[in-house]
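Asker: Just dropping this structure here.
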Amino acid sequence: MLNKYPMWKNLLVIIIIAVGAFYAVPNLFGEDHAVQVVGTRGAAVTPATESQVEQLLASKGIKIKRSELENGQLLVRVNNAEDQLLAKEAIASTLGENFSVALNLAPATPAWLEKLGANPMKLGLDLRGGVHFLMEVDMSEAIRKMEDAKVADFRSQLREQSIRYAGAKATPKGIEVRFRDADTLAKAEQYLKTHSNNEMVFTDTSNGDNFVLLASMSEQYLRQIKEDALTQNITTIRNRVNELGVAEPVVQRQGAERIIVELPGVQDTARAKEILGATASIEFHMVDQKTDLAAAKAGRIPAGSEVYKRREGGEVVLHKDVMLTGDHITGAQPSFDQYSRPQVSINLDAKGGSIFSDVTKDNIGKPMATLFIEYKDSGERNPDGSVKMNKVEEVISVATIQARLGRNFVITGLTHGEAQNLALLLRAGALIAPVSIVEERTIGPSLGAENIQNGLQAMIWGMAVVLLFMMIYYRAFGVIANLALTANLVMVVGVMSMIPGAVLTLPGIAGMVLTVGMAVDGNVLINERIREELRAGRPIQQAIHEGYGNAFSTIADANITTFITALILFAVGTGAIKGFAVTLMIGIATSMFTAIVGTRAIVNALWGGKRLKKLSI
Amino acid sequence: MLQILSFKGSVNFLRHALPISIMSLILVVLSLVCLATKGINWGLDFTGGTSIQLTFSKPADLSSLRDTLDNEIIAGAVVQNFGSSRDVVVRLQTKEGVKSDDQVKLVLSAAKAQDPAVEQKSVEFVGPQVGKELAEQGSLAVLVALICILLYVSFRFEWRLSLGAVAALAHDVTVTLGLFSFLQLEFDLTVLAGVLTVVGYSLNDTIVVFDRIRENFLKMRKATPTEVVNTSITQTMSRTIITTGTTIITVIALFLKGGTLIHGFATSLLMGITVGTYSSIYVASFLAIKLGICREHMMPVQVEKEGADQPSIMP
């Protein structure tokens, strides 16, 4: 029998469209004003916190719509923006500094829908307002740091093996280790090579009486360093973003050395930038007491020492070897000492604690310096367009070690503001290499709402005209095509809401609008074919059958080629363009389904197998 | 049956193919000349720099704002209306030794002096390095898209048709870019997305015609290639007009209602779709014929179709 679908095929069409529609539904509910509470600095949000907040808001007369505690984050929904602001202030002042309280818009999807995994589409920054940063990691600095570490490493290895070397230093060509004779050089090369894990490539660059071993990083090791620097920086920035108390931030890598940071709802870009991009860290060095400051300044300085500036003025000679870096710091709180001078209390991890207790034990009575290192945007640019960063190193305190120090101690010598910033930065971890902001976009919240409004308007107008035209031109088949078009739009929204990574952007809305216009193509191809067959004098059932059959390969070919371009857009595009490509790809897939299978099911159900004299097309 | 166009048999579209193709060629050459001399008005996404979007509470006095900015260190700022007389966009070049934040502050204070109620809608800063990479990536994307399509069409159809399709696409892209250059419209990321969409759309069109050509070569055993192509174009004409029509309607809706941010995108689509529709006939099909496409070339490709096993009613 012609034009009859088996039951399973009809069911399949119904189920697929129903699933699409089900997941599209959450988008109808809009958003609730909400306040988000996250614990920072080791504090956690518990059910006790939740009831505390609930009681607090009840006492203030603020009605709570719903409150949820999930993944250590409390979300309190209120009725309007006014209540939201009041609630935020009340909660922030009551819970204190250990919690970050942020304004948020939470989808107003009913709980039972959410349980089934149905959530509304995520909106891009251009639709909800906020800041977008693209940050670039200064890889040359990451590599330089690693070279310094290697120099220290070589020195201690050679010393342990009692191989005498004349000097080791990092040069632009690589790390140069000098020796007095060829034998020691060969011995050292042999030893270092076997203990380098293929990280370094060694070449003997001796000439005449100069016995020099040059160690340069292998390609693979360089790649590894860059990769590590990027992942480490992403982790650090993620921590810092959490400290900022922003709802639903995005921190993502892009390519080999860039990081995308998106902070919805943030308008104060200056503070965000200061915290995200700050590359402050501290190092502890022993003071070189043997070297005279005047002599050192005149240039007579031992290889292992260097002159550093002191914050309060003057200079001091320190050993270059770092006793402890900021990497081992697990906690840092600003506080005041008994003379109400600002200080930062530091907690170290186990390894840091044992290193620190060892060195302080051996150095009781000797002065130790805290070196504060910061990279600052100089406002200038390198010839390649990247931001020039200035490295500022300052000794913030020199203190005599009184006793063996353990995992907890304090740093003094800072101003109040500095103590607070340093504590925040140390808590959130140090950036392994400085970052610079290469792209920044701030979108006002009103602009976001305007963009949504515009997009919807365009969609409604475009859709209305197309639906009207199809109905008039193809009559019954036009109405069926319109059903398919509507189902298609619902399915695009449904699929967009289902895919966790898909984000709706303004170009994404444009993609949807365009899909409406282009999705008609499948139906037009089919309907025109059916008309042709009818004109050629075929019986009606035959004409429908042939029309669908003949149009199929055309639709497939045409759509696959468009899909290829969308795929390429997705691969090379960033942000908004990716959003456009995603909607276009989804639109192509769903429109093929609705045009070919969806309308066929309806046509078959209505007319399949019946004797027809006329077809309304 | 309501019909926009009703053709009996076949219309000799290709009769005018030569003059129209020559016109197309001239258009391409003009576009290239325009691109070479005037260049493209690259937007912020590609050049780098800072752009600040402001909304004034009353119509803004652009020339006074321009003068104020010229007196500051940020001379050379581009100050334009953006949609309405109250919306203003200020574009600044990246300057050696000047922080973008400071530039933004200067612009804001200049605007505040004119209208205290001015609202800062968006600020964008793009580093020059990022823009350059984007331009390279973008052109690479267009190139890769063309190559992929060339391969797909060669595989599914035939190399002469494939070459025709890609020539038509290159034609559409060139002419669209040429128009952007001629009118000096700003070319930003969304326009690039538009151009790539045009590639997809125009190809869509070409494929529909080619599909019919392939089919008709097998059906019309005695016809000449020109006759086959004419018949195919005639048969697909009403579909072409309807689909192009509905797409253009939605693009016009985007242009009119989608807001200023999407203008460039809509403009490139409007141009591209118009150009792309006629190029599938007068560039793609015509080139395939000139390359000597004939029935034998179509034979090896067997297309499976639903209903192919049905007895043919055609004599």
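Every residue gets a Cβ built from N, Cα and C, even glycine.
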Asker: Can you say which of A:1-26, A:495-520, A:547-572 is given as transmembrane segment in TrEMBL?
Answerer: A:547-572
Asker: Tell me, please, if the transmembrane segment (A:547-572) and the transmembrane segment (A:584-607) are in contact, taking contact as 3+ Cβ pairs under 8 Å between residues separated by 6 or more positions?
Answerer: yes
Asker: Taking A:231-289, A:306-433, A:436-603 as candidates, which has the most Cβ pairs under 8 Å with the domain 'SecD export protein N-terminal TM' (A:2-103)?
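Answerer: Looking at each of A:231-289, A:306-433, A:436-603 in turn, the most contacts to the domain 'SecD export protein N-terminal TM' (A:2-103) are made by A:436-603.
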Asker: Restricting attention to the domain 'SecDF P1 head subdomain' (A:306-433), give the mean pLDDT.
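Answerer: Mean pLDDT across the domain 'SecDF P1 head subdomain' (A:306-433) comes out at 78.
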